[in-house]
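Got a structure here, written out as structure tokens. Questions coming.
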Amino acid sequence: MAKKNEVTRRQFLNYTLTGVGGFMAAGMLMPMVRFAIDPVLKEGTEQEMVPVMDVSEITKEPQRKKFKVDQVDGWYESEVEQSAWVYKDEKDEIVALSPVCKHLGCTVDWSSNAAYPDQFYCPCHGGRYTKDGVNVPGTPPLAPLDVYKMKVEKGKLYLGKPEPR
Amino acid sequence: MLQRIYDWVDERLDITPLWRDIADHEVPEHVNPAHHFSAFVYCFGGLTFFIVVIQILSGMFLTMYYVPDIVNAWESVYYLQNEVAFGVIVRGMHHWGASLVIVMMFLHTLRVFFQGAYKKPRELNWVVGVLIFFVMLGLGFTGYLLPWDMKALFATKVGLQIAVTIPVIGEMAKTLLAGGEIIGAQTLARFFAIHVFFLPGALLALMGAHFIMIRKQGISGPL
Ligand code: FES
């Protein structure tokens, strides 16, 4: 009989065959799985800054500005319309807020609800934000509106991607 | 650990006889390459099955990116091959496997033919095998169009032109396959459906029948 700790022929064959078989199966499946999970591991794309409006047109009152950006979606490229709420705050600094509600993604409007003037109002579940985009506590959104990356060049306002604060 | 999970399930469901019935059977000496090296010819059927498994898996993964639409088909193939990690490999597996499966199946058929293994009582299994052969050719033909490049388009034109030569129903057969007058949007959608649903379904059913018959009748005896 085999001594203690000695590997029997049957065990040895079992281990080798399982090992080799597992290695082969992994070699087959690994590329496929990596292929499938690629979207998760891909880096986000940068977005070019696009001119939106003249700086001189910006008022204290938020204005909704629409602009087109090139969107690359895998093999499909298209121009999509985005919009921003643009205004100058008390310190005369330009603010460009994304209109996408931080609750579930509806589009917010400025001062559209008579009960809440001078606030951003979301019609979907009554989410509200103050003028600086900060969510009003007690309403559904849990974060302030995203702010657009921006720059001013030759009197024009350029916007990039909206970023969470 | 694994053993304990197995025992737990087995105690309740008695699964041992199930897999024993499938996996535990004797391999006769004359088909075991360890005894006679020439017995490797018995491997071709199994190899065909192995490649079919790879084809099904790689095909499933390819459809995560591929779209059967004349505007986007080529672009999506280009994208999955060049932009997605391991795209070249996964598409390569499907591409080369398609040819290899025909080769293996052909060798398997030759072995059965020259050993006379198709003779009574195994005639039915030969018939099923030939049907599998046709299904495989159909898979190759329909799959060839899917990348929607020039080679695909003209290969399909030629193929459908051959279908026209069938007496009487030729024109009808062509229109039915193409889904219209020309080879275009409708053809691509149709070929995709045939390639990923209809033929694989038929293939699985036929392979099931093929294997059940082998188990029932056993491997043919030595020459
Ligand atoms: S999506 Fe705006 S409040 Fe729900």
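Glycine is no exception: its Cβ is also placed from the backbone N, Cα and C atoms.
Grabbed the feature section from TrEMBL, which reads as follows:
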| type | residues | note |
| --- | --- | --- |
| DOMAIN | B:5-223 | domain 'Cytochrome b/b6 N-terminal region profile' |
| TRANSMEM | B:39-67 | transmembrane segment |
| TRANSMEM | B:96-114 | transmembrane segment |
| TRANSMEM | B:126-146 | transmembrane segment |
| TRANSMEM | B:152-170 | transmembrane segment |
| TRANSMEM | B:191-214 | transmembrane segment |
For the transmembrane segment (B:152-170), I need the partner stretch with the highest count of C-beta pairs below 8 angstroms, choosing only from B:39-67, B:96-114, B:126-146, B:191-214.
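Of the candidates B:39-67, B:96-114, B:126-146, B:191-214, B:126-146 scores highest.
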Give, as a single whole number between 0 and 100, the mean pLDDT over the domain 'Cytochrome b/b6 N-terminal region profile' (B:5-223).
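Mean pLDDT for the domain 'Cytochrome b/b6 N-terminal region profile' (B:5-223): 95.
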